[in-house]
Structures are given as structure tokens and as C-alpha cells.
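As recorded in TrEMBL:
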type     : residues                     : note
ACT_SITE : B:Glu268                     : active site, proton donor/acceptor
BINDING  : B:His267, B:His271, B:Glu297 : Zn(2+) binding site
Protein chains: 2
Amino acid sequence: MSAEAAYEKLCEHARQTAVLATALNVLEWDERTQMPRAAGPYRAEQSAYLAGLIHERETDPARGDWLAELVESPLADDPHGDTGCVIRQLKRRFDKKTKLPQKLVEELTRTSSVGQTAWEKAREADDYSLFLPLLEKTIDLKRQEAEAIGYDDSPYDALLDDYEPGETTANVARVLAGLRDRLAPLVAQIAASDRAAPSEIITRHYPAEGQAAFGVQAAAAIGFDFDAGRLDVTAHPFCTGLGPRDTRLTTRYDEDKYDGGLFGILHEAGHGIYDQGMPPELFGLPTGDYVSLGIHESQSRMWENLVGRSQAFWDHFYQPLQRVFPEALADVSKEEFCFAVNESKPSLVRTESDEATYNLHVIVRFELEQALLSGDLKAADLPAAWNAKYKDLLGIEPPSDADGVLQDVHWAAGLFGYFPTYALGNLYASQFFEQAAKELGDLDAMFARGEFAPLREWLREKIHSQGQRYSAAELVERVSGEPLSPEPLMRHLTAKFGGYYGFGAE
Amino acid sequence: MSAEAAYEKLCEHARQTAVLATALNVLEWDERTQMPRAAGPYRAEQSAYLAGLIHERETDPARGDWLAELVESPLADDPHGDTGCVIRQLKRRFDKKTKLPQKLVEELTRTSSVGQTAWEKAREADDYSLFLPLLEKTIDLKRQEAEAIGYDDSPYDALLDDYEPGETTANVARVLAGLRDRLAPLVAQIAASDRAAPSEIITRHYPAEGQAAFGVQAAAAIGFDFDAGRLDVTAHPFCTGLGPRDTRLTTRYDEDKYDGGLFGILHEAGHGIYDQGMPPELFGLPTGDYVSLGIHESQSRMWENLVGRSQAFWDHFYQPLQRVFPEALADVSKEEFCFAVNESKPSLVRTESDEATYNLHVIVRFELEQALLSGDLKAADLPAAWNAKYKDLLGIEPPSDADGVLQDVHWAAGLFGYFPTYALGNLYASQFFEQAAKELGDLDAMFARGEFAPLREWLREKIHSQGQRYSAAELVERVSGEPLSPEPLMRHLTAKFGGYYGFGAE
């Protein structure tokens, strides 16, 4: 077979696998938004069967044969070119998938399912000991997984690579340590300020209908295409792709806390705009797929925080918002509203934390999960270590494990190496955003006029349309001219919170 | 392999195929109720790919081998027993599927797609000539299909068998001719009556929200389980099964004609109650599947017409309905409302016709499609033949082909042999209902008290739980002690419309 013919076959195979994978996404979206209660067990059978078909295709020896031929062919010469990117990324994925013994995959799946149930019970009972045996088993299996996949430096590398392909533990540790050392003093400075945000504004009454109407208006304004997507309500908000022109967002509305219905929608719309910005004709191929979870998160955090929580955004949107919620906002100035949605203070729960402290929550988890995996920290000692780190970095200690070490499902679900992508997303976002401002000019002035297209099109050109041609690290350097650094994020946080809380640049 | 082992494999294979088929149903339900506009082309790819996988499995030679062994084994001895039914029905399906050449299947699919587009255009332009070439081609392909499958008596047998398995053209023709000869005079008698239904009541204003609320209340009352199903809005109402405990109904609300939102919901709920009445543990096997389209329709028509349009039903439900629609119904008596929803008069459009005339619409189509297939009627002469039959049976003539021969999509979609199942559904429904009344006692008294469980449980025992153990004809005879006959339906229609329009039993 010629290399061209093998490449054709490989692409067809990958596209058909994506057809199945998106069909599975339809089942999962339906399960979380529409499915009747009693249908759960059969839906699990349907999903497991499709997942099995997808796994079979992804480890199909025919794919291995085409790839073996193609990596040696001229089509692979330019690793960032159309064909080279496809070959390199599919080879990566194939090698990784075929390295895992079937038995280990099954045990990981089973343990993740049992682990999540145990975690739920432990959290409800506020009893870490109910979760401990499952966590120990999970850590053991994740070590086996890392060994099976292989790594250069530390086992954590092999796991991190699932979410942030090509990234190394050492580099992430270096960047996040730098961030931690700069951020902890900033957070302390905010805590020491005598200014307080008028946070009571956020806990007034905001009818869900108005939240939905304004959310759709804002998401459409920043560029989410509702002809190729929709917005629904779920307990746990997410964004999923059901096809190249079918991106679905979800959110939740708390009528007595205006947060998820506002910034939650902008966040998910940011994810959605990334998906909608990839070339539809490349859907199912690495050239039409997202780079990493961190890069995906950078898009959601940029629209949520750097745009959505900026004063310029509200220069444009505050009057429309007041019209939607006249009772809650009639007596509130734009400046008060902006300070209220930018309140920063140390808190216990990551998902409810603000733009500044959020990263410290992530750093705690990143440091702990590395220690768990290396064996430096025993699972039995995790709650004490957790509480100590919170005390150290955030200055507060959880009164209970339910609000401490048991708050996130990730470790129960076997997601080791996932947490750092949340902080990486913030770092990438600021670094991209600074560069966009350099190239596009006064972004604030554009936002104040309701012009979001220039930023969106810049992101599309520089990031969305690139697919997986570059790794996250390469992309950051290519776009901004600099390797990843904590500086842009620190500059942004210092300027913003210095303004609100009354202290200058460090 | 032992017969038991082969049987095990066969059942597993069938259940897994059902997992894929229901996944496809999820995609189709989503497409019709939720999917964003721009997602259509990719959804078509997803659906076609899954349909291909299902077809591959249904014609898998391994299935043929197991079946060849099993039909000779003692497991097949009792054709109505658990194993015998499964083997017999899967063999039927396998033989039929494997008899059709792949090329013919593809051309049928393509022609159906092009045919529906041509039909839409022809209907919009009221120009039959735009549809004629496609209809001619479709008829030719359906003849080829019938030849490939084989038949005893007439090619129509082979097509009818897709929808009403095991039924013969001769028998359906005999029963429907009997019905026609009795029904046409009844319809003429109604038309000659000097009484008129107060139909203006139906075209008052009924807010959609109230229609939905009352529809859900009524569907739940007759026994549709909303924990294992749901109700949504679509342009063309349907009922689909996404799993053993996932039955989804759709309807449409016309605020200025209270019809679909009331009887449409009861109709779809009737289909849904049949699906929900089958044993979940047999889902995916013929013992847990519906008998025929006619039997399915009998369940929807029974709840819609024999129950929902009865005076006894409104003895229970009229006051609640008045409370939902105080403006429309405050000055309307229960008796007036019942007469209004039971208006009968000859009309042009099948889907808008009443309980009595409906069957004549079906008989016209059944007679014409047989003549088209046999060649006794040329497609070019169809409009004239259509109009003549409407004049003859209903006493009215369509002013245009759009309201005449072009009103239904079925022939454009290649569905020859489908129409009679609509009338068979009405015939089965009345024959079952008479028997239920004999066995259960005064059904009207039960309905008036809001008790629908006795009828529903009787249907579940006699019909739903039987799966495909018996053919429709066998089931009717087993349940009622008599072969299918027009008498029960005629007795019902004569009594009901004699009452409203003031004439006695014939």
C-alpha cells in the first residue's frame, strides 16, 4: 500500500471512530439533561457497549500497521503539517492505548465506579475512613498504569500526559511553584485590606428565567453560535461536542446567588467557542481537535474572567443587566456590581473560590497527588497534610473532611494529573490575553463597545484553528513569544485586585 | 456447540444489536426534539454509520449458523414458547434481511430520500407531475423487493409482511372490504343527519401550557409511567423506545384547535403503555418486542378513542379540564364537549379525520397501492383514481392533489403495505375492547371513577407481556375467541354515532 493510501485509510478510520465517540457523547448528554430516571441501568449498558466499540477501533492492529508505515514516510516529515500532525498524534494515542493491559483497564474502570460511590458515602457521612481503602487501591492502580505506559522522570509524568500531552511534571512544578510563591503574598495582602466587596449584591433574588435570558444574550454576544449549539440545565455544568456543529453547554441557576447563571455560562461558552472555532472539515482528526485540557480551560477562563469580570465588559452590559433584574440591581452602581463579582477571600471550596485564590486550591491538590503517587505521603495521612497546606497557603483550616479533602470527586474517579490543568488554564489565558492586547490594541475599549469579535477571531486564528499541530507548551511560546510563565497572570491579578483592595503593583 | 450454547450466543447477539438500535433511537429522538439546526449533516452521518453496524449484525453469518442449528433443535419445538418464539422470529428476520441484495437496499434508501424531497416539492407546488417519476421508480423497486423476498399469492404479501408479519393480503382485503361495505352507509347516515356537533368549542383558545399540564395528568392517569418516559414537542408526533425503561412521547400544541394536545397525547401514551408493558428483562428479544404495527396501533387507538373519547372518561375528567381552561369551557356542558370531540363528517385529509371516516381514508389507500403494485393502475392515472374513490366512499372530491393524492409521505418514503395497519389497529382495538368488557365488567363505570388500571393490566397480561409469541391474527383469536372481524368496530361506531347523530342500531 502506498503511504498516501495508508494515510487515507487511517483518516477514514479515525473519522469513523469519532462518529462513534460523538454518538456516545449524545447518549451522555441525554443522560445528564433529558433521560427519565428509570432509564439509567440500560443507558449504562448502551454507553459501555459503544465505549467498547471505540476502544476496539482505537487499538485496531490495522491502525497500528498503517501508522508503522506512515511514521517512516515523507508524510510524517513535518510534525506540525497537516499529515505530520495527524500521524504523530494518532501514533501517540495508539501507542498509549495499546500499552495498557486489558485487565488493568477493566480494574481501573471498576475501581473508579466503586470509588465514586464510596467517596459519595464518605463525603455525606464526613468520614474519610470510608473512602481510604478505595483511594489506596486507586493509587496502586494508577502507579501500575504509569509503569505500563512508561515515563522519563516520574510516574506522574505518565498520568499528566493524559490531560496535558507532552507536558512534564518538572516543568509544571516549576511554574506552579513560582505562581504559589508570588500568589500567596498577594492573597495575604487582599485579606489584610480594610476594603470589603459589597458581596450582598450577589445574594439578592435573581429569577432563573432572567438568568437564562441574559446568559444566552451574553454568550451569543461573545460569539457562541446557538445555531450550532444549545444551553441546558444540569446539576454539574459542562460543555460537550456532539459533532462539528453541535456544541452543547449546560449550567445551573441559583436564584439566590447570581454566579453560575452568569459566569458559569460565560465559562462554558468559552469552552464552546473553542470547539466551534476548530475547522469542521477536520473534525475527527488531530488537526481538528483540542490541544489539551489546560488549553481548553484557558479559553473558558479567558471569557469568564479576563473578559466577563472586567470593568469594560460591564461598561457594555451593565445597563442591559439592570433591565433584566430591576429589583435586584436598581440601586446598585456598575462599580459596586463589578467589585461584588470580583470579591476575593480565602475559602475552603475550590469550585466556589475566586480568581486569585482558585490557583492556590489547585496547587494544594497538585502537590498532594504527586506525593501520594510517589509514596512520600501515605493516603492515611492525607487529611492532615491537606489541612496543613490550606493553613499554610490560604490561612484557613477545614472544620471537616467533607469541606476539605473529600470535596472533589477527581481522585475517587482515578483522575490523577488532572488538577494542574485548571491552574495551567489560568496561566495560558493570561499569557494569551496579554499578547492579544499587544497585537489588537485596546481590548477594553472594544469590550466597552460590545465588540468581542476581534479577540474571538484572534483566538480562532492563533489557537482554535491550529488543532493539535503544536503542544500546549509550543503553542504558548509560538503565540506569545515566551515560554509559559507566572508573570502575566500575576500582573493581571495584582492590577485587578490592587485596584479593588487598594494596593499598588508589588 | 450445544443447542443451549448456540441459543445463549444468539440471544446475546440480539440483545447487543438492540443496544445499538436503541442508541440509534436516541440519536433520532434528539434530532427531532433537541438538536441545533446546523448539526443535521453530521447527525445523518452518525445515524447512517450506526444503521450500517446494525445491518451488519442482523445479517451476520454467525447468526445464520446458530439459527440453522437451532431451528432443528428441541428448543424450537414449541413455536409460542420462550425459546421457540425467539428462534422462529429471529430466523424470519434473518432470512428476510439476507434475501435483499445490498444494491437493492441501497437503491431503495436513495430513492426514498430523493422521493421524499420530490414529494415535498410536488405537494408545495400542487403539481403531481413533479412526483410521478419518483413514484414510478419506487413502485418498480418495491416490486423487485417483493420478488427478492418471495411470496405465496401476491407481491403485496411480501411488503405487508414488513409491518404485519404473517398477515396475508387476501385476509386483510376480505376484512377491509367487509368494513368498507358496512361503514360507507353509516358515514352517509351521519352526513344525512340534521344534528350538528358544536365543533366551535374545539377551536376556542387553549393555552399550550394548560394542554401540556392536562395531557401529562391524563397520560399518567391511564398508566403511562413518567419515571420511565417523557413527553416533548415536535412537528410530527411520535413514540419511540430508547430502552426498556425509556419510552418517549411527543406531541404538538395548536392553541386554537384542541386536538393533538389532548387526543394526540392519549394516542402516543397508548403506544407508550404497550412498550412499557413488555417484560423489561426480555428487551431486545422477540419475546419482549411488539407484534406488529397494527397491534401497536390498536393500543394507541384504544386509549385515544375507545377510552379517551368516551362519555365515561369525561365523567371523570371534564371538571378537571374545565379548571385548566376556565375561559374556553366555563359555558360548555360535558355533553356538548363530548359531542364536539366526536364530530364526524367526510373530509379530505386522513390525519384530521374522525373515528368513523378515518377507516375509509385508509381503505382508499390500501386498494390503490395494491393496484399500483400489481400494475392494474398506472402511476400516471393515480390522481384520477384517488379522486374517484373519495367521491365514491366519502362523497367528496379533493379540489387539488395537494389535499388529495399528495397528502401522505408514505409512498414517497417507499412504505407500501403500511397503510392497512392503521385500519387494522382500529379493528383489533374494538375486538380487544369488547372482550375486555366481557371479562372485566362495566368498563364505563370504572372510567367514570378514574379507574384505568383494570383495563391496562388486562391489556398487559393478554397482549403486552406476550411479546411476539403469537402473530396478530393468532393473538386476536386467542384473546377474543374469534378471528378478526369488522363487527366489533361497526358495533362500536354504530352505537356511538347513532347516539350523537340520532339513529338507532342498523
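Positions of Cβ are set from backbone N, Cα and C atoms, glycine also.
Positions of the features from TrEMBL, shown on the structure.
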residue	record	Cβ neighbours (10 Å)
B:His267	Zn(2+) binding site	24
B:Glu268	active site, proton donor/acceptor	27
B:His271	Zn(2+) binding site	25
B:Glu297	Zn(2+) binding site	25
With an 8 Å cut-off on Cβ distance to the B:His267, B:His271, B:Glu297 Cβ center, who else from the chain surrounds the Zn(2+) site?
B:Cys239, B:Glu268, B:Gly270, B:His296, B:Gln299, B:Ser300, B:Arg301, B:Trp303, B:Glu304, B:Gly425
Work out how many Å separate B:Glu297 (Zn(2+) binding site) and B:Glu268 (active site, proton donor/acceptor) at their Cα atoms, rounded off.
9
Does DSSP put B:Glu297 (Zn(2+) binding site) in a helix, in a strand, or in coil?
helix
Through the lens of DSSP with three states only, how would you label B:His267 (Zn(2+) binding site)?
helix
